[in-house]
Amino acid sequence: MYVVSTKQMLNNAQRGGYAVPAFNIHNLETMQVVVETAANLHAPVIIAGTPGTFTHAGTENLLALVSAMAKQYHHPLAIHLDHHTKFDDIAQNLRSGVRSVMIDASHLPFAQNISRVKEVVDFCHRFDVSVEAELGQLGGQEDDVQVNEADAFYTNPAQAREFAEATGIDSLAVAIGTAHGMYASAPVLDFSRLENIRQWVNLPLVLHGASGLSTKDIQQTIKLGICKINVATELKNAFSQALKNYLTAHPEATDPRDYLQSAKSAMRDVVSKVIADCGCEGRA
């Protein structure tokens with residue numbers, strides 16, 4: 001009942017003029033932070049995981065946790081495959097119960113990207129599974145994939161329309177100047193490009209690489225059509241730095257129930273801020 005499709009979430013966001021945050025989690029504690037914070041704020045959220053996370057934690061384990069927490073907190077949740085690239089991997093996760101997928105073929109030439117994505121869409125839609133794909137490519141590192149800045153490229157607005165129509169995707173991830181990881185200096189986002197994409201494509205648009213973006217930039221992208229905001233690195237950094245600080249100050253600590261609390265608290269602050277930036281509090 002409480003594990004829902006991202007398609008309905010994002011369509012609601014598009015109509016309501018806000019964005020749904022997708023938080024990348026890795027284990028029980030990081031999932032607890034996201035779900036507890038979202039439930040307290042009555043905010044829709046997406047629980048996202050890269051291929052590495054699903055391998056690390058196990059698909060069935062993650063699904064069981066999401067289902068149990070959704071029921072415990074009486075809060076709708078979606079679980080999402082983030083930056084998955086292999087058809088067999090996606091199909092296996094769907095058979096386990098995942099109902100939202102990002103197929104990332106953005107590294108391929110345009111025609112091959114369309115072909116790969118359409119294959120996944122045709123399969124997923126048979127099971128009422130929503131599909132996100134990316135046109136353009138972000139720089140930085142996501143999981144084990146490293147894209148050099150020189151190889152990154154922005155989304156072409158006219159191609160975006162052709163891509164959306166040819167593939168039948170439910171949401172489109174765009175490249176407008178963000179990158180995976182944290183920024184050494186503030187990025188300059190191409191808002192005019194985003195506005196142009198919005199004029200060509202009526203699907204919910206997705207922004208990857210949002211860790212470290214200013215509130216002003218996030219809210220401007222939402223005004224121009226972004227309906228899903230992905231955050232990963234900022235969560236990991238907050239969690240790990242707080243944990244390091246605690247263990248440095250308390251070298252005698254051995255109980256994870258104690259030393260993980262400061263890490264969870266630091267991550268909770270980031271989740272709360274992103275929810276506020278997305279304008280989705282009270283929208284669940």
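Glycine too: its Cβ is placed from the backbone N, Cα and C atoms.
According to Swiss-Prot, the active site, proton donor annotation covers Asp82. The Cβ of Asp82 (active site, proton donor) lies under 8 Å from the Cβ of Ala22, Asn24, Ala48, Gly49, Thr50, Met102, Asn230, Ala232, each of which sits 6+ residues away along the same chain.
Annotated Zn(2+) binding site per Swiss-Prot: His83, His180, His208, in sequence order. Residue density at His83 (Zn(2+) binding site): 25 other Cβ atoms are found within 10 A of its Cβ, drawing on all protein chains shown.
Look at Swiss-Prot and you will find Gly181, Gly209, Ala210, Ser211, Asn230, Val231, Ala232, Thr233 tagged as dihydroxyacetone phosphate binding site, backed by similarity to another entry. The number of other Cβ atoms within 10 Å of the Cβ belonging to Asn230 (dihydroxyacetone phosphate binding site), over all protein chains shown, comes to 26.
Long-range C-beta contacts of Ala210 (dihydroxyacetone phosphate binding site), restricted to its own chain and to partners at least six residues apart, with a cutoff below 8 Å, comprise Thr178, Ile218, Ile229, Asn230, Val231, Val274. The local packing around His208 (Zn(2+) binding site), expressed as other Cβ atoms within 10 Å of its Cβ over all shown chains, amounts to 28.
Annotation note: Val231 (dihydroxyacetone phosphate binding site) sits in a strand segment as assigned by DSSP.
Separation of the C-alpha atoms of His208 (Zn(2+) binding site) and Thr233 (dihydroxyacetone phosphate binding site): 11 Å, rounded to the nearest whole number.
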